[in-house]
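Chemist: Below: one structure in structure tokens.
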């Protein structure tokens, strides 16, 4: 149900923040990260793009996000992690253009 | 209680007494109306039940008066005809619905549409449990309640509305908070549970209870502009604890009374909860088990993600779970989640010494005697825009660090104007953030800063009754 094109989101982990890498040597994949509920407050965004080395897992992706947004640690132990709209263990290996959703529970009503 | 009478001194007390007198008159009139209504009640109308029983035996007799080949009374055929015309729902779906009993936990923003739709659609027995009182600031989203019921039990108000929509539904009023001590007893009388509560400990407690009693749980939540919906413990699907074995820290669990909520958002989720409850009750369609629906009101997007299945390691529903009814009843859910079972009870921080605090009344004296001072309001700017004490200066707590020089020059200005040393006071909504601010200020060059105990809430209660509460 993602309507917008894949590459419109803000990018982190690109050359600007990672000047030493060489695009021709190490293949990189692009991951779209979606934030929900409290994760939106903690990161200040609803979605962004991450560049990860090929072969990265969902856990690697989370670790990178935790460096970028240390506040996310608050919900790290109690959230649903969905890869392409399906539950995924953190050990799942990511593929290019995968979509990772970080969903903490809401308790209000 | 967020709702307050406006008035001051003895006239305020008189008004309160007058309101109390009128309320009791109204109660008496209502009970007389109920008695009269009972005399003209149409055939087949079910009684509202306060005994807590949800037996449907009497109901099946009364609803089946004049039964036809379908097993539905002519009255039911007429009332539910649009359901019966649905090939996928039909007579079978309606019959199952009319034999089902559903418990709605919480008669608030989510519970309002849930209870109204479940009553309207003709479930056999509808139980509503809540201990809260209707407040004026509930009405923008809790559409089951009307102004006339402000100050009265939410369950009473909700039952009245449901009865007005469909008098043939058996209503059970549980005017108490659902807690570990009474939950097994109450929940066991129903087939399906709808979690329409507003707090984390209740969500864990209800889920655990549903696992113990093997009841499907239709769980909805809403905050701000987002909502979530899942059916737990159904068809081999996970329970709440499979998904969230570790509760999030209390800071991560925001409440509508702190963070706000757009009224329609719980309305949307509540409607979807009613839909899921109807699907489970009538065994129609694919209930949202093992999936979670996420609703984003701001971008008008809904997404359904597949969530994990039942966790074999779950402490409550897993393979080696040793969670018994006894353990459940003595389990401290508020301690487990580090948050209260009520949306209203607020944390009372005791961060700074008494000598660094003054009461609203004391601050009022300072204003009245013209003592030079600066009042810093550390609420977020959108709170400050709602209402503020005159001449207070808004520096949100999150910006305090960068604004120390602003405070310093304001103090110098006040001292210059009066020729005396100016004092520094800090206020917030409830008196917690103001303590955090004073704690920070005292360590960063403002050792004599003081906060106003209880914040604007106390100011409104103790000093200026016309100051709006929110």
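Numbering starts at 1 and runs along the chain as it is shown here.
Using the three backbone atoms N, Cα and C, a Cβ is placed for every residue, glycine included.
Automatic, uncurated: that is what TrEMBL annotation is.
What you see is a predicted model, and the numbers here were worked out from it, not measured in a lab.
So TrEMBL has the following annotated:
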- B:256: active site, glycyl thioester intermediate (ACT_SITE)
- B:428: active site, cysteine persulfide intermediate (ACT_SITE)
- B:239, B:242, B:314, B:317: Zn(2+) binding site (BINDING)
- B:12-39: coiled coil (COILED)
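A description of the local structural setting of each listed feature is requested, covering burial, neighbours and distances.
Modeler: Around the Cβ of residue B:256 (active site, glycyl thioester intermediate), a 10 Å sphere holds 23 further Cβ atoms from the protein chains shown.
DSSP classifies residue B:428 (active site, cysteine persulfide intermediate) as coil under the three-state reduction.
According to DSSP, residue B:242 (Zn(2+) binding site) sits within a helical segment.
Averaged over the coiled coil (B:12-39), the predicted model reaches a pLDDT of 80.
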Chemist: Give the number of CB atoms, excluding that of residue B:239 (Zn(2+) binding site) itself, located within 10 Å of its CB.
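Modeler: Neighbour count, Cβ to Cβ under the 10 Å cut-off: 25.
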Chemist: Roughly how many Å separate the Cα of residue B:317 (Zn(2+) binding site) from that of residue B:428 (active site, cysteine persulfide intermediate), to the nearest whole number?
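Modeler: About 44 Å separates the two Cα atoms.
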Chemist: Which ones, out of the binding-site residues B:239, B:314, B:317, lie near enough to chain A that their C-beta is under 8 angstroms from one of its C-beta atoms?
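Modeler: Going by the Cβ criterion (under 8 Å to chain A), the binding-site residues yield none at all.
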Chemist: Measure from the CA atom of residue B:242 (Zn(2+) binding site) to the CA atom of residue B:428 (active site, cysteine persulfide intermediate) and give the result in Å, rounded to a whole number.
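Modeler: Distance between the two Cα atoms comes out at 39 Å.
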Chemist: So around the Zn(2+) site, B:239, B:242, B:314, B:317 aside, which residues have their CB within 8 A of the centroid of those CB atoms?
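Modeler: Surrounding the site, in chain order, are B:207, B:211, B:233, B:238, B:240, B:241, B:243, B:310, B:311, B:315, B:316, B:318, B:321.
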Chemist: Taking the Cβ of each of the binding-site residues and counting other Cβ atoms inside 10 Å, which one has the highest number: B:314, B:317?
Modeler: B:317
